[in-house]
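Q: The structure that follows is given in the form of structure tokens.
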Amino acid sequence: MRFFRFLVFPVIAGLSSVLAAPITSNDTVDGSGEAPETLLQNSEEQPHQRLKFYNWDYKDLGTTAFEDISFPARQPPVAVNQSEQCPDGWLRFADSCYWIETELMGFAKAERKCFEKQSTLFVANSLEEWDSIRSHSKEAYFSWIGLVRFTHYEKSEQLPRWQTEGAINPTKMNWLIKPYKPIVNGWTSFANCAASYKSPATLESASYTFFYPCTYLLYSICERNSTIVNVMQ
């Protein structure tokens, strides 16, 4: 029954504007007894406009979640290559390192936290990478990834955009409703940001991707690789 609630609620959300992440009143966050309403709170953090290497132009997003803010000073980036290990606590896949963030944050703060680690939100360059990394995310919860759909392109462009170039076609991902269409997968003018849900069930099809308001407090995944490091310097 618990699995059924996780699977059905987002469908309703996609058809009737936007609801909260599909967690019921009987669930708690991370077993700590924290009320699930925490996930429905709006984060006061606001995404930045200062990282020019991002493909995103936040002025094209029809939401106050994307406004200019002051940004912390950049730290010297750390290169990643095949012969080196990832920092403690990071996962390794090919030439990238990944951080599974278990602090609940709005999209903006998640993006900033990744940047402070000389990384971006997770951008999948292959389906193998996508399946491998999201399998390490926290079960029964959503994690922000580096994927948004701009309001400005609502009529001319169906696909969301990744935070960096060279990523997989988003339609190939495990969206809740297939074939991919933005509206039925939760997108509205104020639900621009994509999150990945990892089901506690062993059935792979129970995990999915869905759009939510960027101010929802979710977990997140950071990625650091040599390409990103070179651009950030």
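Glycine is no exception: its Cβ is also placed from the backbone N, Cα and C atoms.
Remember, predicted model here, so these are calculated numbers, not experimental data.
Below are the features listed in Swiss-Prot for this protein:
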{"type": "SIGNAL", "residues": "1-20", "note": "signal peptide"}
{"type": "CARBOHYD", "residues": "N26", "note": "N-linked glycosylation site"}
{"type": "CARBOHYD", "residues": "S32", "note": "O-linked glycosylation site"}
{"type": "CARBOHYD", "residues": "N81", "note": "N-linked glycosylation site"}
{"type": "DOMAIN", "residues": "93-223", "note": "domain 'C-type lectin'"}
{"type": "DISULFID", "residues": "C114-C222", "note": "disulfide bond"}
{"type": "DISULFID", "residues": "C193-C214", "note": "disulfide bond"}
{"type": "CARBOHYD", "residues": "N225", "note": "N-linked glycosylation site"}
Q: To the nearest whole angstrom, what is the C-alpha distance linking C193 (disulfide bond) and C114 (disulfide bond)?
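A: That separation, Cα to Cα, works out to 16 Å.
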Q: Sorry to bug you, but what's the C-alpha spacing from N225 (N-linked glycosylation site) to C214 (disulfide bond), rounded to the closest Å?
A: 25
Q: What are the non-local neighbours of C114 (disulfide bond), defined as same-chain residues 6+ apart in sequence with CB under 8 A from its CB?
A: W99, E101, T120, L121, S220, C222, E223
Q: Around the Cβ of C214 (disulfide bond), how many other Cβ atoms lie within 10 Å? Please give the count over every shown protein chain.
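A: Around the Cβ of C214 (disulfide bond), 29 other Cβ atoms lie within 10 Å.
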Q: Can you see whether DSSP assigns C214 (disulfide bond) to helix, strand or coil?
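A: In three-state terms, C214 (disulfide bond) counts as coil.
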Q: Check N225 (N-linked glycosylation site) against DSSP and tell me helix, strand or coil, would you?
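A: For N225 (N-linked glycosylation site) - judged by DSSP and reduced to three states - the answer is strand.
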Q: Name the residue among the disulfide-bonded residues C193, C222 whose Cβ has the smallest number of other Cβ atoms within 10 Å.
A: C222
